[in-house]
Amino acid sequence: MLARKGLLPDGFLLTRLAEDQNQPNRSRSRSQRARFITKTGSCNVAHKNIREQGRFLQDVFTTMVDLKWQHSLLIFTSAFLCSWMLFAMIWWLLAFAHGDLEPRDPNGEPGPVPCVTAIHSFTSAFLFSIEVQVTIGFGGRMVTEECPMAITVLIIQNILGLIINAVMLGCVFMKTAQANRRAETLIFSRNAVIAPRNGRPTFMFRVGDLRKSMIISATVQLQVVRRTVTSEGEVIPVCQLDIQVENPLRSNGIFLVSPLIISHTMERGSPLYELSAQSLASEDLEIIVILEGVVETTGISMQARTSYVPEEILWGRRFVSIITEEDSRYCVDYSKFGNTVPVRMSSLSAKELDQTRGVQEGGSDVQLQGWGLVRAGRGGFRRGGRAYDGSAPQPWYAQSEKPEKEVEQKGQKKTVQLEVIGRQIEEDELGEMSD
């Protein structure tokens, strides 16, 4: 659809077709799984056996906005036609009661003043009803001061016509300015990938904005929907778990000036911590992506959604770079938006990798240090956490709550707190300055 509108080049679709041919056939061999959010962002949930249908009529405006366009246009046309027919019947009855419909001799004496001039049949009453409600006023028909009831009907029809126009125009505006309309130019990668980044397995997908206008205060939220069983045996068919987006600011805010790769590190505490290449195909989960923000040009809040099922998550692949610098500005090649390349990666889960690294560190004769920086003394830092002391093997990322340092004195090992070492260094420096 976007290619037909000229928003995406034809090469983008050709690249997508090439990707689909290169994908493994695991999705084609299995029956298609149900998903809560489709790739277009709509909710794939059917509501059945709703007994209290009257609740929808209590919020008529929202119900009309949620309807399809063909149903909305049918309601708009029916509302105007019904109002015109209703007041046409009223104007015809007023003319009939006042005797304005009786035939008169054009050469005879003039009769009484009619309530509405030039009404001789129901057809003329219907035309007068349309003229009153849409304020056309051709000049052939008009209300006289002979009938106060006709003046009252005229006022009521004008007020009701304004209300109908306001409601119909409001519905049309809300339907054209819905939050999902701006989402038509926000694209997500068809597949998500899992690849190593900074030594850790990372879940990644790509998002881009085809318009030049920005999305203000854009945020990305990830959720895992899966079936879980509690310790008491209760089956929870829909369990929603939030996923932290990898961001140095520890927030979900993004600056969508160009296509970005949104990542999530699969570490301890992550719902994907135990996910491996073998278990990925059999996992019953769905990763939902929600992008929210404010449209810069209109100030209307928008939301774009998509989801990834296990068949759409590629293990051991990463996205190719699509941003280049040309003529002192950055250029984005959307024909490579969803292209991926294979990378070397273990098929083990993040949990199994942590356990393997912990055993390797514990079985080595060399005292291995952790990866973190631990405070050591006055204003200094030393590399590593806790040295191996022959205890149970610990994962590489496990940092000791109380950093310790082992020093040998007279053939015996003595454990000294780092804070004590720092205080001794400070006292020595103060003693030297006093001398």
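Think of each number as a place in line: the chain as shown, counted from 1.
Glycine too: its Cβ is placed from the backbone N, Cα and C atoms.
Note that the structure is predicted; figures quoted are calculated from it, not measured.
Sequence annotations record features per position, and here TrEMBL assigns compositional bias 'Basic and acidic residues' to 401-411.
Look at TrEMBL and you will find 37-178 tagged as domain 'Potassium channel inwardly rectifying transmembrane'.
Averaged across the domain 'Inward rectifier potassium channel C-terminal' (186-356), pLDDT for the predicted model comes to 89. TrEMBL lists 186-356 with the feature domain 'Inward rectifier potassium channel C-terminal'.
The region 'Disordered' annotation in TrEMBL covers 384-413.
Summarising the annotation, TrEMBL assigns transmembrane segment to 73-94 (among others). If one looks beyond the transmembrane segment (73-94) by at least 6 residues along the same chain, the residues whose Cβ comes under 8 Å of a Cβ in the stretch are 64, 67, 115-116, 119, 122, 125-126, 128-130, 132-133, 147, 149-150, 153, 157, 160-161, 164, 168, 171.
Long-range neighbours of the transmembrane segment (149-173) within the same chain, counting only residues 6 or more positions beyond its ends whose Cβ lies under 8 Å from a Cβ of the stretch, are 61, 64-65, 72, 76, 79-80, 83, 87, 90-91, 94, 115-116, 129, 132-135, 143. As annotated by TrEMBL, transmembrane segment applies to 149-173 (among others).
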